[in-house]
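Asker: Before I ask anything, let me first share the structure, which is written out below as structure tokens.
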Amino acid sequence: METAKDGEQSPSEASPSAQAGPENIPEPMSREEESQPLYHEETIDLGGDEFASEENEPTSEGSHNFGDKLNEHMMESVLISDSPNNSEGDVGDLGCLQDVGEPPRGATDHRLPSSTDKEVVDTLSNGSETDGDDTPRDISDMTPDSRASLKEDSTQEDVTSMPALENAATEEVGPKDSLAPREEQTSEVSSNQSSSKDEPLPVCTIFSQATATPSQPHLFLQDGFESQMVKSPSFSSTSETSAKTPPPMVQPSPSLSTFFGDTMSSNSLASDFFDSFTTSTFISVSNPNAGSPVPEKLSSLTAPVGEKSPDSTSPSYSTRMDRSESGVSRAPLDVPESPKPFSQIQAVFAGSDDPFATALSMSEMDRRNDAWLPSQATREVLMSVATQQYGTVFIDKENLTMPGLKFDNIQGDAVKDLMLRFLGEKAAAKRQVLNASSVEQSFVGLKQLISCRNWRAAVDLCGRLLTAHGQGYGKNGLPTSHTTDSLQLWFVRLALLVKLGLFQNAEMEFEPFGNLDQPDLYYEYYPHVYPGRRGSMVPFSMRILHAELQQYLGNPQESLDRLHRVKTVCSKILANLEQGLAEDGGLSSVTQESRQASVQLWRSRLGRVLYSMANCLLLMKDYVLAVDAYLTVIKYYPEQEPQLLSGIGRILLQIGDIKTAEKYFQDVEKVTQKLDGLQGKIMVLMNRAFLYLGQNNFAEAHKFFTEILRMDPTNAVANNNAAVCLLYLGKLKDSLRQLEAMVQQDPRHYLHESVLFNLTTMYELESSRSMQKKQSLLEAVASKEGDSFNTQCLKLA
């Protein structure tokens with residue numbers, strides 16, 4: 001006979017999603033290409049709006065000298081990009097805002113054609129347009145002859161871009177140094193004046209970033225490994241854009257126990273868990289289309305055909321990729337007043353609500369949640385990656401994380417299988433549940449499956465999404481790149497497997513992650529994808545799950561060892577914070593409010609580790625150490641003191657220590673006297689009922705359970721235990737009526753596995769012809785429950 005107890009949910013955190021993006025690095029042109037227009041290079045103009053006008057609109061003759069303005073504007077672009085900071089990081093930050101400022105006064109506010117706008121926004125949204133190690137490209141000055149020619153003729157002309165400078169420090173080119181190229185350019189510009197007026201002007205700048213389109217694939221450096229196409233599970237290829245899109249926000253996810261608990265609250269939806277990485281426009285390595293703003297829309301699993309997968313990267317850390325060629329961005333010629341460098345920066349931030357404060361808030365939240373202390377070997381690898389300039393850091397394949405699905409079979413539906421066996425095909429056809437193919441192939445569908453308790457279908461969908469990330473079946477042991485997106489998917493899949501009791505499958509798929517300390521599981525390993533971000537990409541709850549899994553496989557000592565390692569790191573981080581340092585022990589300049597938030601977070605995480613250790617000790621039947629561990633947890637969760645003391649008392653009841661259990665129950669009454677509310681009174685009455693159960697006084701226990709039901713008629717624990725008391729009092733019929741009435745009253749809430757197990761046991765005690773009643777329960781389960789229901793409680797097999 002199974003007696004339901006109060007379930008306690010344990011807190012856990014999930015790491016956020018983050019930004020990533022591929023990068024293309026420009027290459028210097030040869031001498032022969034200097035005087036030819038780059039028709040096959042796509043270029044981006046930092047100030048595209050100042051040079052844009054309606055198509056085929058001629059330039060007015062009263063405008064300023066075009067050559068001077070173009071030259072001055074391009075030189076300012078070089079000055080901006082050649083700042084001491086990494087240009088790649090700067091461009092990534094500006095691109096995330098995706099705001100285009102108003103042109104200076106006196107300039108015509110014309111926009112580029114829609115296709116050009118999309119290409120510019122997509123490319124600026126890419127987090128790594130250029131590499132700080134590469135030499136910036138410059139535009140040579142034009143001769144006075146060519147300026148005169150441009151001033152006389154007001155039609156649109158082709159302007160050729162000059163080769164990149166060999167020295168990055170050289171920002172200005174003197175007239176003597178570029179005399180020969182200018183003469184060649186002058187003759188060519190003069191000859192081009194007789195061309196058609198409809199020829200567009202390719203706008204030149206220092207960046208050469210190709211837009212990922214189906215007809216323009218990226219060319220990656222050949223690394224000897226199979227490249228996989230990655231389609232983002234979080235964003236669609238919708239081409240619509242908006243004028244403004246809020247900056248991407250990274251928010252921590254709530255506890256999985258909220259959604260995987262035995263009793264699900266109506267206001268605890270699975271959508272809450274995934275909001276942190278489905279409602280923000282994050283930029284991912286496997287998601288180069290994230291830059292295209294898709295406001296208030298969640299995407300399907302689609303991506304341009306020409307995209308390359310992060311799986312094509314080699315096991316060694318490499319930053320070089322070949323530059324792809326594409327069509328030149330075309331826009332009509334306009335000659336506004338040339339803006340100053342600071343005007344350009346202000347134009348980018350125009351219309352945003354304090355973007356610097358937003359970025360600071362995001363970084364503080366990331367720092368708190370992502371902080372972790374790597375091992376010495378991992379720290380050395382990350383330092384070599386951070387300090388490398390022009391070389392490549394090579395890492396052994398054994399030190400990388402290369403996961404893949406170990407099984408790809410469909411999980412199926414055990415409830416429907418039982419219906420086919422006992423009720424026939426006609427009855428089984430009436431069962432309609434969601435599966436992995438009937439929902440959107442994205443996080444939206446994953447949330448829907450979890451909220452409907454179709455966890456087996458959710459496992460299948462996680463496998464499909466991981467396959468889209470290049471980590472599917474058969475990919476185990478192959479090089480891959482990780483994102484917070486993919487690691488969240490792994491965590492959800494593994495948590496679902498553990499919840500379904502598929503411990504062996506979870507262990508096999510956890511194996512490639514090792515001890516979760518490989519260097520490619522840290523943000524520092526991807527400086528061009530996550531510029532400036534530090535910490536671990538692994539969710540903290542995934543570390544807890546990794547440690548707890550072994551106790552379900554019969555290795556509780558291994559679980560304790562892993563939990564002790566996690567506890568050591570949490571204690572060290574908490575000690576650093578309490579000493580006024582950063583999480584990693586370095587100097588910190590955060591505000592007092594932010595420091596208090598970090599201390600609170602890591603105290604909560606340390607308490608969560610101790611809670612898992614206490615559960616493991618309880619499983620090992622080391623009750624003395626388990627009680628001590630639970631008492632220690634109270635220091636970190638003082639608001640849960642009544643629940644923890646009640647749990648300790650019930651543990652003592654199970655081992656027969658009635659007096660000590662009564663002492664702890666009295667302590668609960670003292671604590672709850674300070675609290676007002678119904679829950680405190682119910683907790684005290686429940687403890688008294690269990691105390692009488694431990695003394696085999698079922699009549700008194702039934703009285704207290706009945707009193708609880710008068711105060712809270714929906715209390716399933718009290719209802720189930722009251723029926724059990726009636727059974728032990730010899731009142732089988734009354735016990736059956738109470739359980740049946742409870743199930744019929746609210747099937748969705750009371751079709752609990754423990755309740756149904758007790759009910760089927762009573763059916764067997766009542767009559768040898770209990771199969772028909774069990775089949776009736778199966779029909780009720782089929783109409784309400786998802787595919788995660790444990791059919792063993794029905795005792796039909």
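The backbone N, Cα and C atoms fix where each Cβ goes, glycine too.
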Asker: For the feature phosphoserine in Swiss-Prot, which residue out of Ser17, Ser81, Ser125, Ser326 does the record point to?
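Answerer: That would be Ser125, per the phosphoserine annotation in Swiss-Prot.
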Asker: Write down the residue from Thr130, Thr480 that Swiss-Prot flags as phosphothreonine.
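Answerer: Record says Thr130.
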Asker: Would you mind telling me which one of Ser10, Ser314 Swiss-Prot calls phosphoserine?
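Answerer: Checked Swiss-Prot: the phosphoserine annotation sits on Ser314.
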Asker: Looking at phosphoserine as annotated by Swiss-Prot, pick the matching residue from Ser292, Ser309.
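Answerer: Per Swiss-Prot, phosphoserine applies to Ser309.
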Asker: If Swiss-Prot marks one of Ser128, Ser196, Ser242 as phosphoserine, which residue does it mark?
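Answerer: Swiss-Prot records phosphoserine at Ser128.
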Asker: Taking every residue in the repeat 'TPR 3' (682-715), what is their average pLDDT?
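Answerer: Its mean pLDDT is 94.
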Asker: Quickly jot the same-chain residues contacting the repeat 'TPR 1' (607-640) by Cβ under 8 Å, restricted to those at least six beyond its ends, or write none.
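Answerer: For the repeat 'TPR 1' (607-640), the far contacts come to 10-12, 544, 547-548, 551, 556-557, 559-560, 563-564, 566-567, 570, 647-648, 651-652, 655.
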Asker: Counting by DSSP secondary structure, give me helix, strand and coil numbers for the repeat 'TPR 3' (682-715).
Answerer: 27 helix, 0 strand, 7 coil
